[in-house]
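According to TrEMBL:
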REPEAT    20-51  repeat 'WD'
REPEAT    195-228  repeat 'WD'
REPEAT    238-279  repeat 'WD'
DOMAIN    281-352  domain 'FYVE-type'
Amino acid sequence: MAAEPQPKALTRKPLLLNKVEGSQEVVNMAAIVPKEDGVISVSEDRTVRVWLKRDSGQYWPSIYHAMPSPCSCMSFNPETRRLSIGLDNGTISEFILSEDYNKMTLVKSYQAHQSRVIMILFVLEMEWVLSTGQDKHFTWHCSESGQRLGGYRTSAGACGLQFDVETRHVFVGDHSGQVTILKLEQESCSLVTTFKGHTGGVTALCWDPIQRVLFSGSSDHSIIMWDIGGRKGTAIELQGHNDKVQSLSYAHHTRQLISCGADGGIVVWNMDVERQETPEWLDSDSCQKCDQPFFWNFKQMWDSKKIGLRQHHCRKCGKAVCGKCSSKRSSIPLMGFEFEVRVCDSCHESITDEERAPTATFHDSKHNIVHVHFDATRGWLLTSGTDKVIKVGARNVLWL
């Protein structure tokens with residue numbers, strides 16, 4: 001279901017607090033240091049940097065550490081100040097940062113993958129380091145001993161990784177568009193299920209352990225909200241980007257989903273509204289409104305002496321319709337369509353102005369975003385991009 005024209009940006013003006021510049025290559029991941037005015041970043045230029053804000057108001061690197069290979073990802077635990085860094089050569093290196101964030105000490109390294117590490121999660125409760133790689137493997141290690149505890153081969157390279165501490169379920173999203181759920185034990189794992197809803201690869205996952213909802217972003221420009229805990233099988237689609245979704249973050253206290261795209265768009269979704277599941281598209285050989293044959297329906301075309309028409313689908317009811325019977329467009333925010341999409345004429349008449357009210361706000365970050373990190377304690381949002389720049393925005397709004 002491809003999204004159509006862009007929505008209008010909503011009114012609240014965002015505020016850019018600071019730009020952090022100085023990396024020589026793409027900043028693949030960065031994180032705000034809680035309770036400090038600082039940022040940790042890892043870059044394709046092989047550097048790990050800790051940026052602290054000086055009296056001048058500028059961020060300067062208090063730590064500049066060169067790694068043996070480009071840094072692809074990271075995971076930082078503020079309680080233990082443990083920094084896990086994934087490298088292009090398949091290694092995960094673990095450091096402890098000093099209390100003043102002026103020194104980092106190598107603790108251990110894991111040869112976790114045969115090629116580039118894509119995602120890392122450090123689970124303090126289990127002392128586990130979870131990771132995915134381009135080698136199509138999910139692995140997990142004991143962070144105390146450094147021992148490899150197990151692994152699982154995915155159907156394609158995995159970009160999304162989330163973990164639920166309560167049930168020990170891990171969610172892995174891969175380039176085929178599939179999400180795999182595994183149950184982890186201390187030294188074994190079992191396949192729970194797999195599911196697929198995207199037409200493109202999964203590029204990001206985000207888990208809400210309170211509502212027990214999984215969000216998946218994709219190269220098909222869409223986000224799907226999967227009801228995991230409710231066991232209702234509900235999958236609600238969100239359309240708000242014009243390019244692939246690069247990163248997702250969830251603000252639990254306000255129930256807002258933050259999604260960032262390769263087009264620089266940042267969408268803040270209100271997930272505190274009751275949304276409707278998008279309908280399945282119905283199959284038919286003729287328009288389900290006027291009965292005109294579609295162009296492959298040769299028999300009806302011959303019998304009725306009518307030219308075959310192109311098939312479309314109404315995004316609200318899912319019926320197969322011709323262009324004449326679906327000449328109108330409308331946004332349907334409660335079904336996830338913040339853009340105007342094709343609807344049949346009868347559905348267009350039934351949609352009220354209240355139902356067209358936006359449930360998301362749109363912002364332009366003015367750079368191609370690779371990763372997003374949200375600090376709920378201060379309401380700060382950080383984005384890193386292919387332009388080698390890190391941007392820090394204030395509160396739930398972003399920047400001009």
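Each residue, glycine too, has its Cβ placed from N, Cα and C.
Within the same chain, residues 1-3, 156, 158-166, 171, 173-179, 181, 234-250, 252, 255, 257, 259, 261, 269, 271, 275, 336 sit at least 6 positions outside the repeat 'WD' (195-228) and bring their C-beta atoms closer than 8 Å to a C-beta of that stretch. Taken through DSSP, the domain 'FYVE-type' (281-352) splits into 19 helix, 20 strand, 33 coil. Within the repeat 'WD' (195-228), the DSSP-based counts of helix, strand and coil residues read 0 helix, 21 strand, 13 coil. DSSP labels the residues of the repeat 'WD' (238-279) in these numbers: 0 helix, 21 strand, 21 coil.
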